[in-house]
2 protein chains.
Amino acid sequence: MKKVTVIKIGGNIIDNPTELEQFLTDFSKIEGYKVVVHGGGKSATKMAQSIGLVPQMIEGRRITDAPMLDVAVMIYAGQINKYIVAQLQAKDNNAIGFSGADGNLIQSEKRNHPTIDYGFVGDVKQVNTILLATLLQSGIVPVFCAITHDKKGQLLNTNADTIASELAIALAEVFDVTLTYCFEKQGVLLDSEDDTSVITEINEALYAKLKAEEVIHSGMIPKLDNCFNSLSRGVQKIKIGHHRMLQSPDVLHTTIIL
Amino acid sequence: MKKVTVIKIGGNIIDNPTELEQFLTDFSKIEGYKVVVHGGGKSATKMAQSIGLVPQMIEGRRITDAPMLDVAVMIYAGQINKYIVAQLQAKDNNAIGFSGADGNLIQSEKRNHPTIDYGFVGDVKQVNTILLATLLQSGIVPVFCAITHDKKGQLLNTNADTIASELAIALAEVFDVTLTYCFEKQGVLLDSEDDTSVITEINEALYAKLKAEEVIHSGMIPKLDNCFNSLSRGVQKIKIGHHRMLQSPDVLHTTIIL
């Protein structure tokens, strides 16, 4: 079974040109099939502010009204996505940038929440695995932004972590998939103040225990829930850590197993 | 030889939701291989103004400094491109949106003009015909915005008419190509004040005569120069007119022949 590396990068890399350049250099050297999923960083918020929109958040999720969706599409699918594609092309990776609308690669449905109107936010329904596998087999390096569509003409803002895990799950039908989340820390920490307290391996039992003890809390919970969901649905291996871990297997990081 | 239809749409369609919807409906019904290239319309200028940039034009071409390039990438490759892709997907056309950086589909070089610094403007150097042909043969409908790259990491703003003609020329190596320019008029007019004065067929001799008589002037000249260049480089047929001509062959338009 061919291997695929799916890597999600967040705002801390997107917002820092030096970090982004280093990540793209390291990523471009990864052998074999690979996919990158990028979040948005601060530039969508900045752009929204500069044109007079007031960003709203509920439970850590951006409320996406129509003007905010426009900004997200511009910045994520336009500015950031094409910048990354151009840099990877310069590093001889044959990158193509995609939203979920392109090739109907990621179809979602508008979130229907009983009490909160999230606006134009989509939850992933279906990945076009056949087209994605064909692209990888043709030597293409897909670069995904966190915009999807409902196949009825509506673009939708979608959580980038979820996109990475849904792509990994879909690809696991065909390939041996490693999913890597790059973020600002070295991994899942026992003490959020101590960067060296990385938990090198975590399984469901340890996760349940650490969650009960509130050692693991807030933003890390949806991230890890995503991870265990992906593992139970066929993804082989998940890693969380700083993108420096792409440079050497010796760099401290967390591996998540069932 | 398989047929390919390459259609370029300009700002008059992009800026008018009703016209765009009608165009996309008609375009989605075209059988066989097809490509759409879209210009930018007024939204890039509007966005530039709303964030305090002052657009500059020399000889009908936008001067693209770094902040203006950012805006062009956001609006052309992001907002407009993904909107069109999502609408075509809703109409069961398997559209994928591309800049020239994606898949290295259109490589250009930064314009080096002896007296005018156009900024980040690229002239097309090379089309990745093999990848483009493979995409068409896989049932993909490519949607191109007018952004290219230099393969060294720099995105570049490029004239959409030129992109359409360069794609048509490249595809003419493999396919029987018809290139159609949709704009606000019914075709090339004998009298620019009289919409019914369409020249239904124009060849190089007639073009030279009408240009000398100043019947054809200003913006129509680079358009027609592009057309004759494309025909001499293998494109089978070129049509210019209002997008209503997609609805029926009876709708008045101009056909350009060698």
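Cβ from N, Cα, C; glycine included.
Note: TrEMBL annotation is automatic and uncurated.
According to TrEMBL, the feature domain 'Aspartate/glutamate/uridylate kinase' maps to B:3-241. On the 0 to 100 pLDDT scale, the domain 'Aspartate/glutamate/uridylate kinase' (B:3-241) averages 94 in this prediction.
The number of other CB atoms found within 10 A of the CB of B:Lys8 (site 'Transition state stabilizer'), across every protein chain shown, is 28. What TrEMBL lists as site 'Transition state stabilizer' is B:Lys8 (among others).
Residues or ranges marked as substrate binding site by TrEMBL: B:Gly40, B:Gly41, B:Arg62, B:Asn157. In the shown protein chains, 20 other C-beta atoms lie within 10 A of the C-beta of B:Gly41 (substrate binding site).
The site 'Transition state stabilizer' feature in TrEMBL is assigned to B:Lys223 (among others). In the shown protein chains, 18 other C-beta atoms lie within 10 A of the C-beta of B:Lys223 (site 'Transition state stabilizer').
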Where B:Gly41 (substrate binding site) and B:Lys8 (site 'Transition state stabilizer') are concerned, what is their Cα separation in Å, rounded? 13
So how many other Cβ atoms are close to B:Asn157 (substrate binding site), meaning within 10 Å of its Cβ? 27
Using DSSP, would you call B:Gly41 (substrate binding site) helix, strand or coil? coil
Cβ atoms other than its own within 10 Å of the Cβ of B:Gly40 (substrate binding site), all chains, total 23
Given B:Lys8 (site 'Transition state stabilizer') and B:Asn157 (substrate binding site), what distance in Å do their CA atoms have, once rounded to a whole number? 16
Write down the Cα-Cα distance for B:Asn157 (substrate binding site) and B:Lys223 (site 'Transition state stabilizer'), rounded and given in Å. 18
